[in-house]
Every structure is written in C-alpha cells, then in structure tokens.
Amino acid sequence: MAATRDRFNQLINGFNQRYEPFVRQHLCKVYMMLGCTSAATATGAFLQMQNLVDLGVIAALSSLLLVLGLHFYRDNGKNYYRRVGMLYSFGFCSGQTLGPLLKYIASIDSSIIITALLGTIITFVSLSLAALFAERGKFLYLGGVLVSIINTMALLSILNMFFQSLFVQLGQLYIGVLVMAAFVLFDTQNIVEKVRAGSTDVVQHSMDLFFDVLSLFRRLLIILTQKEERKREEECRKRR
C-alpha cells in the first residue's frame, strides 16, 4: 500500500514538474468538461433507449448544426457559457443518435456495451497518460499522417459502396480504432502546445477529445457486435 502511494506521489510530482500551473489548470477544466459532455451523451442515449425522448433525425441535424456553430462561433471571452451549453447539447444529441445502435446491441448481448465502454475508458486514460508523460511534441507529427489516412478511408468508403467488400469494411473498422487511438495521443499533446501558445478555448479542446472518445466507442461497439453475430451464425450452422 505504501509503495503504491509513493508511486502515485511520484507520478503527481512528475506531472507538476513537467507542466506549468496554467497548463495543469486548463487540462483539469478540459477533462471535467469532457466528463460532463460524456454524461450528457449517456443521458441522451438512455432516454432514447427507454423511448422517453426520441428526437430521431432532428438529433442528427442538430448535432451537425451544433458542430458547425462551435466551429464558427469562436470564444470571445463573453460567450463561454453559451458555447458550453452548445457542447453539452451536442453531447446529448450524439447520445440520441447512438441510442438505436445501443438498443440493437442490447437485444443481442448487453455485455458488449459494457465491454466497449470499459475498453474505451482504459484506452483513453492510458493513451492520455502516455501523451502527457512523453517527450514534448513527440506525437505531433501524427497530425498530417492521420488526416491522410482518414481521407484515404473516406475514399475507400465511397468506392466500397459499389464493390460491397466485407474485407474493406472490416479493415476500415480496425484501422479506424487505431486512428482514433492515435488521435488521442495527437490531440492531447496538441492541446498542451496550444495552451502554451496562448489558446485557452476549453470548449473547443474538450470537443476535440470528445470526438476521439465517441468515435473510438462507436467503432468498438460495431466490432464486438459483428464478432458476436459471426459467433452465433457459426453455432447455428453447427447445430444444423
């Protein structure tokens, strides 16, 4: 127990020595806002799954408008709380759009949701710590590489609409998980460098990480669900 406490203290001391007080304060705000946005997403998904609130297409359109609004409606020092409300609303609408997928997965095996959630949390926390304790700017080179990969994946998605290749579809899912994991590394270090350069837009930085977490969670859900479906198909074939 004492050894664990010493290691934890060493971790905290190393973090405090590595980052300036204003950077640590900004990161705390970003992660707190990320947690609140995730809670809003969980609320939206739960209400949709329970058929208490189902916005349907309105949620998808609202998500798009809110993202565009947050992108163009920049922080000017006076609209902070309005932008925070827009971010939480985006999280809620994202949960509404995620609800049908979660409802379908729950009808197959509800443990898939828990497994994907735990996998997302563990991956995000591990990669965030790796980025924060790595050398300064070590993962910033990933930005251009990841954008190129995403553009290639988008092109393959369009082409796959005509070829309907299962191999390409599965490849995109697995590569997508790796890409979003790499984005956690990149965005974390990029946020730190932006703060040091004078950018203190907590809302924008929280949204960047929220995109990473949500995309990672969604892909893990789909991958685990497809595995379970293939497993059940094989069991049905054996019974026949």
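Easy rule for this one: first residue shown is 1, then count along the chain.
Even glycines carry a Cβ here, placed using N, Cα and C.
Sequence-distant neighbours of the transmembrane segment (30-49) (same chain, 6+ residues past either end, Cβ-Cβ under 8 Å): 55, 59, 84, 87-96, 98-100, 102-103, 106, 191, 202-203, 205-207, 209-210, 213-214. Among the features that TrEMBL reports, transmembrane segment is placed at 30-49 (among others).
For 55-73 (among others), the entry in TrEMBL reads transmembrane segment. For the transmembrane segment (55-73), the residues of the chain that approach it from at least six positions outside its boundaries are 44, 48, 79, 83, 86-87, 89-90, 93-94, 96-97, 203-204, 207, judged by C-beta separation under 8 angstroms.
Per TrEMBL, transmembrane segment is recorded for 85-106 (among others).
Summarising the annotation, TrEMBL assigns transmembrane segment to 112-132 (among others).
Remote same-chain partners of the transmembrane segment (139-160), defined as residues 6 or more beyond its termini with a Cβ less than 8 Å from a stretch Cβ, comprise 131, 168-169, 172, 175-176, 179, 182-183, 185-186, 188-190, 193. The transmembrane segment annotation in TrEMBL covers 139-160 (among others).
As annotated by TrEMBL, transmembrane segment applies to 166-186 (among others).
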Non-local residues, at least 6 beyond the ends, that sit with Cβ under 8 Å of the transmembrane segment (112-132): 15, 18-19, 27, 102, 105-106, 139, 181, 184-186, 188-189, 192, 212-213, 216-217, 220-221, 224-225, 228
